[in-house]
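Noted in TrEMBL for the protein shown:
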- 1-21: signal peptide (SIGNAL)
- 97-429: domain 'Peptidase A1' (DOMAIN)
- 115: active site (ACT_SITE)
- 314: active site (ACT_SITE)
């Protein structure tokens with residue numbers, strides 16, 4: 001009897017040891033949504049959508065500015081209609097950076113647009129009724145052993161702005177440029193770098209309209225809503241570091257969970273906007289050009305009672321857009337301090353350019369500082385000024401907006417931008433992003 005009891009104890013200890021190994025915090029794989037150690041994290045490579053093209057720095061910026069204007073319109077819009085009787089919140093859509101990932105079991109490799117201005121994760125799925133051309137094969141859920149449709153009673157289905165119930169939870173998700181995705185909400189195993197995460201909710205899109213996503217195979221939302229990758233992972237923080245727009249390799253980095261760390265950085269608070277809960281709003285208190293603090297009303301960047309206005313930080317918009325009155329003050333001060341002729345040719349997509357000196361002498365550019373609550377972010381010259389020798393111009397990479405203001409990715413180059421979702425803050429730290 002004693003021998004039998006000893007044998008049983010040994011068996012139990014072995015079972016416990018195996019279980020402990022499977023769910024050890026040191027494991028590189030998250031096993032389920034409710035069993036994710038805080039210390040887990042991963043990093044993913046990001047690639048600018050134009051990095052493969054043979055463009056000059058200025059051409060790349062001009063292409064991005066054209067896309068950015070459309071995005072600004074989407075972000076400023078409140079609702080869009082699928083049908084005359086159905087309105088849904090408008091999401092940003094599109095973006096400037098593609099992230100590498102894999103979906104399913106066995107894993108199929110894809111690239112998808114990273115978007116901090118929306119929440120839903122989605123990819124195109126077979127059988128495709130309406131689909132755009134993409135560079136990789138369309139995901140086939142029947143070939144994946146880990147694919148599972150979500151029921152209409154699931155929390156993620158309830159979180160959708162528009163859904164219906166038939167063979168599981170069906171979704172419709174709209175973007176401000178009239179593009180959309182429609183299909184079945186499901187869960188799958190997603191692989192990011194060397195980390196695999198099971199039961200991630202995503203849209204398996206069978207009707208996807210619009211060509212804005214054709215560089216990849218869909219979109220990964222990193223917004224603040226429950227459908228986003230960050231919210232589903234339940235990680236306390238994430239960060240990204242974007243390389244210069246003219247970096248030859250164009251490889252930036254997204255860091256999630258324990259990988260997202262910043263040393264010696266002072267945080268600025270994140271602000272909630274109940275009308276636009278997915279966006280990352282910051283409190284911008286002022287802007288300085290050189291030694292001059294611009295005469296901007298304190299309420300200029302405040303969120304209005306109807307949810308309009310405010311300033312968001314966004315990875316998918318290239319240049320910074322400021323409310324009209326603020327940009328007018330910025331433009332006036334730059335003209336005063338640059339002491340160059342304003343270029344009136346209209347040869348660029350930018351709102352303020354100057355003619356370069358004919359003798360090729362260096363241009364003295366004033367320092368630009370954004371005064372966020374608790375943080376004075378002093379930008380390097382290359383984050384707000386661009387020259388083009390062919391056009392003989394030097395331009396300010398900022399523009400005006402009649403709606404919300406946006407702190408764009410050109411101003412975020414070679415800066416680690418840390419989102420701390422527990423502390424509700426964002427921190428900035430200078431870095432060489434191509435060396436991370």
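All positions are counted from 1 along the displayed chain.
Using N, Cα and C of the backbone, Cβ positions are placed for all residues, glycine too.
Mean per-residue pLDDT, taken over the domain 'Peptidase A1' (97-429), amounts to 92. Set side by side, the active-site residues 115, 314 differ in how many other CB atoms lie within 10 angstroms of their CB, and the most is found at 115.
It is 8 Å from the Cα atom of residue 314 (active site) to that of residue 115 (active site).
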